[in-house]
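Feature annotations, reproduced from TrEMBL:
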- 34-287: domain 'Anoctamin dimerisation' (DOMAIN)
- 74-101: region 'Disordered' (REGION)
- 77-89: compositional bias 'Basic and acidic residues' (COMPBIAS)
- 290-864: domain 'Anoctamin transmembrane' (DOMAIN)
- 301-327: transmembrane segment (TRANSMEM)
- 378-394: transmembrane segment (TRANSMEM)
- 455-481: transmembrane segment (TRANSMEM)
- 501-529: transmembrane segment (TRANSMEM)
- 550-567: transmembrane segment (TRANSMEM)
- 671-694: transmembrane segment (TRANSMEM)
- 722-746: transmembrane segment (TRANSMEM)
- 825-850: transmembrane segment (TRANSMEM)
- 897-955: region 'Disordered' (REGION)
- 904-915: compositional bias 'Low complexity' (COMPBIAS)
- 923-933: compositional bias 'Low complexity' (COMPBIAS)
- 934-955: compositional bias 'Polar residues' (COMPBIAS)
Amino acid sequence: NDALRPWVHCILLSPVQVANNMMDMDQDPRKRLCFADGRRKVDYVLVYHYRKRSSVRGSPSQHRLSIISNGSYPLGVEEKDQEGRKDEPAEVVVDVGPPDPADGEKIMIREEFEGNLKDAGLEIEHDKENKAHGHAFIRLHAPWQVLSREAEFLKIKVPTKKLREEKGLAATMNEVWRKLNQPFQPKVPHQENLGNSRMSHCYFWPFCRYNIKSKDTFFDNATRSRIVSLYCFAHESALFFCLTGITTLIANGVYDSAFPLHDVSFFFLLLHDEWARYGAFYKYQPVDLIRKYFGEKIGLYFAWLGVYTQLLIPASVVGIIVFFYGWATVETNIPSQEMCDEDQNFTMCPLCDRACDYWHLSTACGTARASHLFDNPATVFFAIFMSLWAAMFLEHWKRRQISLNYSWDLTGMEEEEVHSHTYIVTLCYSLLTSVCLDSCTGHEKLTWRDRLPGYLINISSILFMFGVTCSAVFSVIIYRITISALMAMSSDPEVKSNVRVTVTATAVIINLVVILILDEIYGMVAAWLTELEIPKTETNFEERLILKAFLLKFMNAYAPIFYVAFFKGRFAGRPGDYVYVFNDYRMEECAPGGCLIELCIQLSIIMLGKQLIQNNVFEIGIPKLKKLCRTLKDKERAPKEIVEQPGRRQQWHLDYDLEPFDGLTPEYMEMIIQFGFVSLFVASFPLAPLFALLNNVIEIRLDAKKFVTELRRPDAIRAKDIGIWYNILSGLGKFSVIINAFVISFTSDFIPRLVYQYMYSETGTMHGFINHTLSYFNVSNFKPGTVPSISSLGKDITFCRYKDYREPPWSTEPYQFSKQYWSVLAARLGFVILFQNLVITMSMLVAWVIPDVPKNISEKLKKEKTLLVDVFLNEEKEKLQLIQSLFSRDLTQEQQEELKVSDQTSLPLQQTQPGQLPPTSSPAPRTRPRAASFSQFTRQMSMSPRSDITQHTAV
C-alpha cells in the first residue's frame with residue numbers, strides 16, 4: 001500500500017451525494033453485480049486468457065516454466081527444485097496445447113499483481129477454470145476500510161450545508177425561464193435545471209468516516225471503481241524491477257482487459273431512456289447524470305458537445321438568411337444578367353488545345369447564377385459574424401466549464417501524473433541494461449539518446465505524410481486535367497456540355513474516399529510516432545498523440561479545399577502562354593463564375609460525405625463487425641464439448657462481449673474537423689452551420705447509445721477541462737479570420753466589384769463589370785498546334801476573351817498586367833489587413849466584455865471562502881477558550897498549594913531580611929507556566945466542558 005500511495009495522492013475523487021444512492025435501491029434479483037455470496041459488490045473486473053495445465057513428472061531441468069526478462073530463472077522455482085531433487089522427481093506444470101514459454105512468466109506476474117492488491121486491502125474472487133482454455137474473470141471488491149481510507153487520503157468532499165435560495169427579481173426570472181424550458185428538460189430526478197444541479201447549491205466539506213448512516217450506499221459505483229482502478233494502475237513489480245500498471249500488463253498480454261461493470265439499475269435506465277434514444281433529440285442532456293455514471297472527463301465532452309450544438313442554432317439561422325438573400329437577389333444581380341445576356345456575345349478562348357472550340361460566355365449562365373447564391377455582399381457580413389461567433393463560443397464554453405467545475409467540485413483538483421506505458425517499458429529496458437540515475441533526485445530517467453531516434457523518425461515521418469497528402473491532391477488534379485481533355489475530344493455534344501460538372505463531381509468523390517482512407521492510416525501512424533517519442537506521463541502521451549493526429553488529419557481533410565480556394569487557376573497562365581503538366585496537359589482554370597462555386601461544391605460534398613460515412617459506417621458498422629469477429633474467434637478457440645449456458649452468464653460476461661473503450665480522441669477529432677469546416681471556409685458555404693447542426697443532433701444520441709449499449713463502461717476519470725482541445729479550438733478560431741479574409745479577397749469577386757464600382761464605373765453601378773474583367777487575345781498569337789481544329793463559330797474570329805486583367809494586344813506592352821490588376825491586388829491586400837485587424841479587435845472586445853467566471857459562481861465562491869474563514873476562526877476560538885480554561889484550572893491548583901504552604905511556615909516571607917536566605921522548608925519560587933501543547937490539548941479534550949462543540953460536522 002505504501003508503494004501504491006505516491007501514485008494516487010494527487011487525485012481528488014468526485015463529490016458524491018449524501019443521500020442514499022438510487023443505484024443501490026434497484027438491485028438485480030440475480031445479483032449479477034456481486035460476489036458469489038450476494039453481498040459484496042464487484043467494483044472492478046480483470047480478464048485473462050488461460051490454458052488448462054496438467055501435472056507431469058520428470059526432471060525440472062526439462063520442464064522449465066519460463067525465464068524472466070533479465071535472462072535468469074525465478075529464485076523461488078530454483079530453490080524448490082533443489083529441495084525436490086533429494087526426495088522424488090518434482091511435479092512440473094506443462095501445457096496441454098502448444099507450449100508457450102511466456103505463460104509461466106505471465107502466471108507469476110499475475111500472482112504478484114493480485115498479491116499486491118490483496119495486501120492493499122482489496123478482496124478478490126476467481127473463476128473456476130472448467131475448460132481446456134478460455135477467459136477467466138477476476139472480480140475485485142473494495143471494503144469499507146479501503147474506501148474510507150482512500151476517501152480521506154484523497155480529500156473527497158461531500159455537500160454539508162445548503163445555500164440560501166435566491167430571492168427577488170433574479171429568482172423570479174430564473175423560475176420563468178425554468179418553466180419555459182421544462183418541455184426540453186430530461187425527466188431526471190433532482191435535475192430541475194440543467195445548468196444548476198442540487199450539488200451546486202451546497203457547501204462542500206472534506207470526507208470524514210464518522211457519522212455515516214449507510215456505508216453500503218454512501219459511495220456510488222463510479223467512485224468505488226475509481227478507487228479500485230487507482231490500485232490497478234499502480235503496481236511495483238519485483239520481476240521487472242520497476243513500476244508497472246494494468247495498462248502495461250494488458251499491453252504485455254498478462255491480462256486481456258480490465259473494466260468496471262455496467263450498473264444495470266435505475267440510473268442506467270434513465271440514461272438509456274432520456275439520453276441514449278433518438279426520440280429525445282430535442283431535450284437537453286443530463287450532464288450531471290452522465291458525469292455521475294461515466295466520470296468527469298466524459299461528462300465534460302458531452303457538455304462541450306451540447307454547448308457547441310446549441311450555439312450552432314443562431315449560426316444556422318444567420319446562414320439560412322444569407323443564403324435566401326442571395327436567392328432573392330439573383331434576378332437583380334447585374335453581373336449575372338450580363339453573363340446570361342446572349343446579346344453581349346462574349347466569345348471566349350478555348351478551354352483546351354486543339355479539341356476545344358471557342359464558346360460564348362452566355363452558356364455559363366447557370367454557373368454564374370449559382371455562384372451569386374454564395375458570392376454576394378451578405379457573405380462578408382456572415383464571415384465577420386462567424387468569426388465573432390467562434391470567439392463567443394469559446395467564451396461561453398469557458399464560463400460553462402467553470403460552472404461545471406464548481407458544481408462538480410473540480411476547482412481545487414490537481415492533475416495526476418501517471419507514467420505512460422511506453423515510458424515504463426523503455427525505462428525497464430534501460431534498467432535491465434544500464435541504469436541511469438539523476439544525480440540530484442536519485443530517480444531513474446531517460447536521456448536524450450533514448451529520445452533522439454524517436455524525434456528524428458517523427459519529423460521525417462510527418463513530412464513524409466504531408467508529401468503523401470500533397471501527392472494525393474496532385475493525383476486528383478491530374479485526373480481532372482486528363483478527364484477534361486478526354487471528354488472534350490468526345491463527339492457527343494452532351495458529354496462536351498457536361499464536362500465541368502462531371503469532372504468536378506467525380507474528383508470530389510475521389511477526394512472524399514482518399515480522405516477517409518488516409519484518416520484511418522494517419523490515426524495509426526500518429527499513435528506509433530507518439531510511442532517512439534517515449535512521453536513520460538499519460539497526459540503528455542495524450543497531448544502529443546492529439547497534436548500529431550490533428551496535424552495529419554487537418555492536412556488530409558483541407559488540402560483539396562485549400563487547393564481550390566487559393567491555387568486553382570492562379571498558375572494556369574494565359575492564352576498563348578499556358579502552363580503545361582507533363583508537356584501535354586494544360587493546368588486547369590476556374591469556372592467562368594469564379595472558383596468560389598467550385599469551393600462550395602468541394603466543401604459541401606467532403607463535409608457531408610465525411611460526416612455521413614463516418615457516423616454510419618465507422619461508428620456503427622465497424623464496431624459491430626469487430627464484435628462479430630471477436631465472437632467467432634472466441635468460439636473457435638473454445639472447446640466444442642463445453643458450452644456455457646446462457647442462463648448462467650453474469651454481468652461481467654456480458655460486458656466483456658462489448659467493444660472496449662478507446663478514448664475520446666476520435667470523438668473530439670471528428671467535431672474539431674467539423675468546427676474547421678464551419679469556421680474556416682464559411683464565406684463560401686453559408687449553409688455549413690446548418691448541416692453541422694443536423695449532424696450533431698444525431699451525433700449526440702449516436703454517441704450516447706454507443707456509450708450505453710455498445711461499449712464497456714470506461715474508467716471514471718477526473719478532469720477539470722477538455723485539455724489541449726481548447727487550445728486547438730482557439731487556434732482554429734484565429735486561423736479562420738485569416739482564411740476568410742483571403743477567401744473573400746482572392747477567391748470571390750467581392751473586391752473586384754467594389755473597385756470597379758467606385759473607381760472605373762462611369763455611372764457608379766455594376767453595369768459593364770463583366771466586360772471590364774475580360775481581357776482580349778489575338779487568335780493569331782496561338783502557338784502552333786493549339787488552335788482549335790474545328791470551329792463551329794466560323795473562321796472570322798480575330799479576338800477571343802479570357803478572364804484576367806491584362807493589356808490588350810494593340811497596346812505597347814501586350815498581355816502584361818494592367819493598372820486595373822495592380823489596383824485590384826492592392827485593394828485585396830488592404831481588405832485582408834483591415835478585415836483581420838477589425839475582426840480580431842472585435843473578438844478581443846467580446847472576450848473582454850464576457851467575464852470568464854459567471855457572477856453567481858463568483859458570489860458562491862466568496863460565500864464559501866467567508867464560511868470557511870468563519871469555521872476556522874470558531875475552531876481557533878474554541879481552542880483558545882479550552883487552553884485558557886486549562887490554564888485557569890492549573891493556576892487555581894497552584895494558588896491553593898501556596899496557601900497551604902504559607903500556613904505551615906513559621907517565618908513569613910515579609911520578615912525575611914535582605915541578604916538572608918529563606919528557610920529550606922519554604923517553597924521554591926513559582927515558575928511561569930508553559931503553554932499547553934497540542935498533544936496536551938488532545939489528551940485533555942475530554943475533560944473540557946466544551947468538548948461537545950468539536951464534534952465532526954454531520955453530513
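Every residue gets a Cβ built from N, Cα and C, even glycine.
Those TrEMBL annotations? Automatic predictions, nothing curated.
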Cβ contacts under 8 Å made by the transmembrane segment (501-529) with residues that lie 6+ beyond its boundaries: 454, 457-458, 461-462, 465, 468-469, 472-473, 476, 479-480, 483-484, 487, 545, 548-549, 552-553, 556-557, 560, 598, 601-602, 605-606, 609-610, 613-614, 666
Distal contacts, the transmembrane segment (671-694) - CB-CB under 8 A, six or more residues away: 305, 308-309, 312-313, 315-316, 318-320, 322-323, 374, 379-380, 382-383, 386-387, 390, 550, 553-554, 557-558, 561, 565, 596, 599-600, 603-604, 606-608, 610-611, 725, 728-729, 732-733, 735-736, 739-740, 743-744, 747-748
Seg_contact(the transmembrane segment (722-746), the transmembrane segment (378-394)) with at least 3 CB pairs under 8 angstroms, min sep 6: yes
Leading stretch by Cβ pairs under 8 Å, where the reference is the transmembrane segment (825-850) and the options are 301-327, 378-394, 550-567: 378-394
The domain 'Anoctamin dimerisation' (34-287) [mean pLDDT, rounded to integer]: 68
Residues of the parent chain within Cβ reach of the transmembrane segment (455-481), under 8 Å, 6 or more residues beyond its termini: 503-504, 507, 510-511, 514, 518, 522, 525, 529, 532-533, 548, 551-552, 555-556, 559-560, 563, 581, 585-588
